[in-house]
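Enquirer: Got a structure for you, written out below as structure tokens; questions coming shortly.
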Amino acid sequence: MSLSSGGWTRASPPAQSSSSHLGHEASQSACSTVLMSVKVSVCHSGIRPLCLPGAGDESLRLQLSMDPGKAGEFRLALRDISATAAGRSVFIAEFDLKTVQYEVKTPLCHELSLATPPHDRISFKFRCEQEAQEWATVVMSSLREAHRVAISSSTEEGRLPPPPLATQSKAPMPRTEEICAELVSAIEAGDVRSASVCASSLAKQKAALSIQPSKRNYTDSEVCLAVVVEDASSSCCVSVKVFPHSTIGALKQQVFSDYGFHPRVQRWVIGQSLCSDHRSLASYGVQRDGDTAFLYLISARQARLSRGIYQQDQESALLMVPTTHQAHQEAVSNGPAALNTASRPYSTLPTRLHNSHNTLSNNAGGSERLGLSDIRDLINLELPQLNEALGPNRTSIQPGWACPTCTYINKPTRPGCEMCSADRPEGYTVPGNYRPDALELRRIQQEKEAIRQYQQARETERRENFARLVQMDGQDLVPNPERVECRICYVELESGEGVLLRECLHCFCKECLRSVILMSEDPQVACPYRDESYACDCVLQEREIRALVSVDDYQHWLQRGLSVAESRCEGSYHCATADCPGWCVYEDTVNTFHCPVCKKQNCLLCKAIHEGMNCKQYQDDLTARAINDSAARRTRDLLKTLVNSGEAMHCPQCGIIVQKKEGCDWLRCTVCHTEICWVTRGPRWGPKGPGDISGGCRCNVNKQRCHPKCQNCH
């Protein structure tokens with residue numbers, strides 16, 4: 001743990017190299033004194049690394065010097081020390097500190113920009129946070145001193161002072177830093193009294209401080225963090241390897257590098273708390289594998305993120321050195337001797353062009369200094385190799401199809417997304433040269449086996465259902481499978497107590513159905529189900545009626561059906577024997593009917609039984625008896641009078657005389673059961689029976705009455 005006036009930071013082991021020099025040392029020129037020098041790697045405009053011929057990341061050094069004879073005269077130079085062994089010192093660029101702006105972007109990345117147009121920028125990458133913080137402290141102090149002297153000189157000469165340059169932190173006083181160091185030592189040693197004295201002294205100075213535990217307080221092993229990623233329309237789960245001592249800001253950079261979500265659009269929530277960038281994961285309770293964090297993504301417009309800024313930051317993130325997690329792990333595992341190796345930045349650049357290095361080295365000379373335009377030319381020399389290294393042909397494309405819902409890359413033969421179960425795009429086809437791996441072949445085999453088992457189970461179920469239906473069809477009555485209420489008597493029927501009608505699946509109790517059968521005048525017994533909006537028009541089957549009623553009632557129902565069939569048949573003839581139920585359907589070529597019931601011979605021409613006489617003899621005998629029988633004559637005259645006066649009519653089907661006593665204009669013939677419209681003296685329905693409007697009186701068709709005097713013929 002370390003403490004400075006600029007803020008608490010995680011302490012790194014002291015650098016064993018001689019790359020950082022504090023104090024005063026002689027410079028190459030006799031008129032300047034070097035204040036500090038530090039090794040860096042350079043990125044121009046935050047996009048591509050500064051590629052110098054023959055100069056690796058370890059050969060570039062930032063140097064801050066001052067002129068002792070002139071107050072506020074500071075020079076910031078970028079040197080190439082790769083040619084030091086040959087006795088040459090190459091100054092790549094040198095700036096007057098009053099003409100630049102210096103900004104701390106991240107703990108390991110600083111940016112230098114010109115105060116005057118074209119405002120060119122150079123970004124520096126440092127090896128460790130401790131070196132970068134010490135360098136920033138010295139540079140910021142020198143920068144403020146240079147500006148103060150410039151403002152004083154401008155005031156004395158009557159000129160307006162230049163506008164203030166952007167700085168990142170206030171200049172720490174030496175005494176404050178000493179107290180911070182003493183406080184760190186006292187806390188690490190457990191000296192409560194000394195720590196209290198130092199804390200009181202800092203409180204009296206009102207020093208701006210921030211505290212953060214050192215990495216040594218955390219475990220060195222990575223943990224697997226379960227991250228639930230959500231935006232306004234979708235969500236998914238990913239796993240991220242992190243260290244508990246990592247900050248939220250470092251986690252945002254890691255997600256940016258791995259998944260492309262810019263830190264500005266990331267909102268982290270851990271333990272129902274909105275996370276701050278400077279706090280560590282351990283402070284939010286992340287300690288072991290499986291701990292959960294929530295990442296909410298906002299829109300780029302809401303985060304005020306433009307496409308140019310995103311591309312610039314993305315390219316910078318791809319070329320940045322690895323995180324301090326890996327360097328810390330290597331330093332802890334290998335000891336202090338491995339610190340230089342652990343803190344050495346990795347390079348993603350291709351191999352340098354040695355011929356370009358030799359040419360530029362010869363042209364540069366020992367002490368030649370380059371401007372920003374020359375630096376840009378040096379960068380352009382390495383662009384072909386850099387573009388080749390970052391080209392798309394170097395990237396291996398994973399075979400498969402991308403899920404349109406969650407964008408997961410699935411294997412070509414998979415029919416649905418492995419993550420969200422979405423269907424595979426219809427236009428996708430499996431490549432012809434694709435060969436599935438062992439796991440995919442196993443999955444395909446398991447799918448085939450699952451389909452086979454499903455088809456087998458479905459076939460077994462079909463056979464069981466068919467057997468159940470065959471067994472049920474052999475029963476005359478189908479019992480109700482579950483508890484139900486009879487819609488006639490409203491009695492609750494347990495399973496098996498009621499009867500489920502085959503035609504309509506309506507359920508009633510046996511007693512109610514038996515009563516409906518016995519009370520029905522029509523041989524076709526209709527289903528008794530009725531409600532406010534529906535009347536069932538299905539009928540009971542013959543075997544259902546046979547199973548519900550007794551044998552005598554069943555025979556009576558059959559006889560009733562025969563009677564109705566006889567009356568509705570046009571060519572029917574009933575046996576003339578009294579109380580004989582026999583009847584027949586005659587044809588034109590047949591003149592006699594031998595009744596199978598009473599064994600009598602009926603004459604179909606005379607409609608009578610005249611055994612021993614022919615038809616002529618029977619007609620003469622009938623005429624003679626009618627003349628002498630006054631009762632028969634009076635009956636005949638009365639019926640003719642009723643028909644002529646309109647009080648009676650002949651049935652349009654069988655011709656017998658029917659009479660309406662009272663009520664509506666609908667009546668039914670007692671012989672043939674034909675429905676008759678009294679006002680029109682014709683049949684109510686067409687030849688197909690009830691409901692046929694192709695004939696009959698057509699009453700209420702198109703909302704029109706059949707006759708102006710119609711009194712509801714139904």
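In case you wondered, yes, glycine gets a Cβ from its N, Cα and C as well.
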Enquirer: State the residue range annotated as region 'Disordered' by Swiss-Prot; the candidates are 1-23, 415-437.
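Expert: Based on what Swiss-Prot states, region 'Disordered' spans 1-23.
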Enquirer: Under a three-state reduction of DSSP output, how is CYS603 (Zn(2+) 4 binding site) classified: helix, strand, or coil?
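Expert: SS state of CYS603 (Zn(2+) 4 binding site) = strand.
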Enquirer: If we count other C-beta atoms within 10 Å, could you say which of the recorded positions CYS527, CYS536, CYS603, CYS606, CYS664 has the fewest?
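Expert: Across CYS527, CYS536, CYS603, CYS606, CYS664, these recorded positions, the one with fewest Cβ atoms within 10 Å is CYS664.
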Enquirer: Long-range same-chain neighbours of CYS615 (Zn(2+) 4 binding site), Cβ under 8 Å, sequence gap at least 6?
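Expert: Same-chain residues close to CYS615 (Zn(2+) 4 binding site) (Cβ under 8 Å, separated by 6 or more) are CYS603, LEU605, CYS606.
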Enquirer: Counting only residues 6 or more past its boundaries, what in the same chain has a CB within less than 8 Å of a CB in the zinc finger (394-426)?
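Expert: 234, 236, 388, 434, 436, 440, 443-444.
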Enquirer: Through the lens of DSSP with three states only, how would you label CYS536 (Zn(2+) 2 binding site)?
Expert: coil
Enquirer: Averaging the per-residue pLDDT over the zinc finger (555-615), what integer do you get?
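Expert: On average, pLDDT over the zinc finger (555-615) sits at 84.
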Enquirer: Could you count the residues of the zinc finger (651-680) that DSSP puts in helix, in strand and in coil?
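Expert: Its residues fall into 0 helix, 8 strand, 22 coil.
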